[in-house]
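Participant: Before we start, here is the structure in question, set down as structure tokens.
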């Protein structure tokens, strides 16, 4: 009997609903809370929920997070009283929910796990800033006291914003880890480089809005959100360019197939297997992208042959033929500077592993992975039966250490063992 699988993201979102509802009940929201600064922050949060960024397997909304952090860290007064963390979080939670509802009504998707992680990260920042005492005062009260050095206060506000951002990252990566497996710490550290700029800009914009609020009031939000908006547009442009690049790679990879030099779907299957091998081996995301592109383009050199190889398979092709295929692929791909980093990888896919051991030749891991994935698909011809996979694995073991890297073959084996489709 199959157990009911509840997505981790849904569990996290359910927890978020409980926290948000608790904040809404415990918060003291009156008409005095609707100051111009709060109203503009609410509007910015709702608009920000319509403008997410998908980056490094995460959904980010910097135009939501920045004004929300500004609201949390600003020296607000509701009816002459400093609002509690619950009061501020209630405003943010209801604004985010309303923004998510509008997005759904517009026919757009809402990733509940990401929304939950985002709010819980803000909740941690709010608790640290408004509920945790420093002596007889909270961090917010201390930061805006007359005797507090403004530079130290600003750094403290940035620190609690960063802690909340890190907590959000860990929660969101934990959802992916529970769904896909892997190493949680590795997932968190792997995303530091691609997301460092976006995270730093967002985490710093919130405290800046907060410290500017006493002087600029509501104007601080649109004024200091402008750099975040510019960053958002720049990231979107890069994302669009990357999408165009991936579409170009996919179109190029189809040329050998439509010309009759390769089997239909071969390049895509090799890329899928290669990426799964890479994930088992724990390679970093950037290398994973190179592996996928190399796999998609590895058969492009077949276009330089006078006659197609039988079945388009390079498994039994002569060294001379494989060299010609590699040279043609490098010539074609080398005409585009954006693919320059792939040239040595494409050239080395043909190189048997023994040359690394016997001659000390450096064969990039990307090439070794694609070589094994290509051989796997050449043998199975896309068949998915347990028998076809068992035969393919036996054939690969015959070339272990000679044609193929034993570590890569072991990772390939682990891919199918983990999926429960192969028993060894």
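The backbone N, Cα and C atoms fix where each Cβ goes, and this holds for glycine too.
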Participant: Pick from 4-23, 84-103: which range has transmembrane segment per TrEMBL?
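Facilitator: It is 84-103 that TrEMBL annotates as transmembrane segment.
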Participant: So are the transmembrane segment (115-132) and the transmembrane segment (33-52) touching or not, going by 3+ C-beta pairs under 8 A with a sequence gap of 6 or more?
Facilitator: no
Participant: Would you mind giving the whole-number mean pLDDT across the domain 'HD/PDEase' (259-388)?
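Facilitator: For the domain 'HD/PDEase' (259-388), the model's average pLDDT rounds to 86.
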Participant: Across the domain 'HD/PDEase' (259-388), what are the DSSP residue counts per state (helix, strand, coil)?
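Facilitator: Breakdown, helix to coil: 89 helix, 0 strand, 41 coil.
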Participant: Would you say the transmembrane segment (218-235) and the transmembrane segment (84-103) are in contact under the rule of three or more C-beta pairs closer than 8 Å, pairs 6 or more apart in sequence?
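Facilitator: No, since the transmembrane segment (84-103) and the transmembrane segment (218-235) share fewer than 3 Cβ pairs closer than 8 Å, they do not count as touching.
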Participant: With CB pairs under 8 Å as the measure, which of the listed stretches 33-52, 192-212, 218-235 comes out on top against the transmembrane segment (59-78)?
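Facilitator: Counting Cβ pairs under 8 Å, the winner is 192-212.
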